[in-house]
Amino acid sequence: MSSEMETAGGGVEDAYGEDRATEEQLVTPWAFSVASGYTLLRDPRHNKGLAFSEAERDAHYLRGLLPPALASQELQEKKLMHNLRQYEVPLHRYIAMMDLQERNERLFYKLLIDNVEELLPVVYTPTVGEACQKYGSIYRRPQGLYISLKDKGKILEVLKNWPERSIQVIVVTDGERILGLGDLGCQCLPITIDVGTNNETLLNDEFYIGLRQRRATGEEYHELLEEFMTAVKQNYGEKVLIQFEDFANHNAFDLLAKYSKSHLVFNDDIQAGTGIADLIALEMSKHNELPIDECRKKIWLVDSKGLIVESRKESLQHFKKPWAHDHEPLKTLLEAVESIKPTVLIGTSGVGKTFTKEVVEAMASFNEKPVIFSLSNPTSHSECTAEEAYTWTQGRAVFASGSPFDPVEYEGKVYVPGQSNNAYIFPGFGLGVVISGAIRVHDDMLLAASEALAEQVSEEHFEKGLIFPQLTNIRAISARIAAKVAAKAYELGLASRLPRPDDLVKYAESCMYTPAYRSYR
């Protein structure tokens, strides 16, 4: 590693001194010049509000611009959490959190880290779904980057308008399939490729912030994406990780196939949609030493037309074809469950209430512990609720959902549903890719991330009915996932950050962002 890439604690490149390894260092509050006074208080990256010390108030011309009281970051956090809890409407909490992020970034992340179980449902599913739907109405100031058809031929210039230069991970969407809510056009972040929308409600909404036109398709669409992918590599280098987020299937598979050979890319929606089936088959093949085709035969898929079977193969999309097995055609999920008698039922279709009482009772009739995962988001699109799963199986279900559900009491026992979504896997996955300097994403790296998460579930968790470790420990969980992903990248010869650190967990921890306030010179 060159000296330019090293940090005080051996972390990855960190131009702003924000990883844990540099936490105790004095820093200068740089913007484009040294920020002082009025400007500093309006810079969310460096603003500390009443936490500026007496010396800092003198050094940075803050006298008179703040009330005389001093408040620690902990006291600020206490006050804000008290205020947030006064809101009865989740969307109002979301707006308050976004306002905080826009004025004091470190305090925002400290609140989130210290109160993750309480605040994740606010900044993530289910509340973020409503925020995306109403984004035009609640929009205050831009927080991400917008690239539209109007920018064709100028995308590199657009990327250069973003003030940060040291970009390691990009999440990009075209907004066509947000959560289970469908086409939300331009109303999502962090990088939005705006190619129009087919959502009539948005097209007729006077507050909509995107292009008012039908979605571009075909050559026009792919030329814009090609320019974006080329510009990203040109501006940020070969090793920037690009996550394709919430693209509709008809584009998602093609984009992943096209760019996985030339860019560092992944798509959690399909590499965890039909990708769930792929990874399960891969894990079964690995552990049972069987050909992957044999393992696929134990996994069945149901789509809107019914069970995916051999006789439908000619009409199937290419990504469904490996899952077309010999069986009579069946039209409904209930028929498929009754015929195949699966041990595990996983829902990712985005269609709510599909795990009906009859379906769940059928699962319970031939399984002592039926595994039921209702993974579609937001809550309104969940295949069934936690209460339904536990009630319809007489408390025997092993249940998880994509959006959070409250604990359920059934016949005197409390059941704690698991929340199975990418909040567990992908922060750690992205960190593992970055700290290893991986040049490509391999399926085995996704498998390593899943295994690392599973290893952190103890017997104690199982006794409480938990199938995931608690989110309060998400930082430690993510560090271990990052270490396993990085180790797999080194094993596969895909890592470029050499030499390999001796302790990848400690290395991952040293590279993590820490939200504690810094002391300014």
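Every residue number used here counts from 1 along the chain in the order it is shown.
Keep in mind that glycine also has a Cβ here, set from the backbone N, Cα and C atoms.
Automatic, uncurated: that is what TrEMBL annotation is.
Remember, predicted model here, so these are calculated numbers, not experimental data.
What TrEMBL records for R177, N377, N421 is (S)-malate binding site. Long-range Cβ contacts of N377 ((S)-malate binding site) within its own chain (separation 6+, distance under 8 Å): T125, P126, G129, L179, G180, G350, G402, S403, N421.
Taken from TrEMBL, the feature divalent metal cation binding site applies to E245, D246, D269. Its own atom aside, the Cβ of E245 (divalent metal cation binding site) has 24 Cβ atoms within 10 angstroms in the protein chains shown.
Sequence annotations record features per position, and here TrEMBL assigns domain 'Malic enzyme N-terminal' to 101-260.
What TrEMBL records for 255-490 is domain 'Malic enzyme NAD-binding'.
The two recorded residues, D269 (divalent metal cation binding site) and R177 ((S)-malate binding site), have Cα atoms 10 Å apart. Cα of R177 ((S)-malate binding site) to Cα of D246 (divalent metal cation binding site): a span of 5 Å.
Largest Cα to Cα distance within the recorded (S)-malate binders R177, N377, N421: about 16 Å as a whole number.
Packing around D269 (divalent metal cation binding site) is summarised by its Cβ count: 23 other Cβ atoms lie within 10 angstroms of its Cβ, all protein chains included. Summary of the divalent metal cation site environment: with the site residues E245, D246, D269 set aside, the chain residues having Cβ atoms within 8 Å of the Cβ mean position are T173, R177, I178, Q243, F244, F247, A252, N267, D268.
R177 ((S)-malate binding site) has a Cβ environment of 21 other Cβ atoms inside 10 Å.
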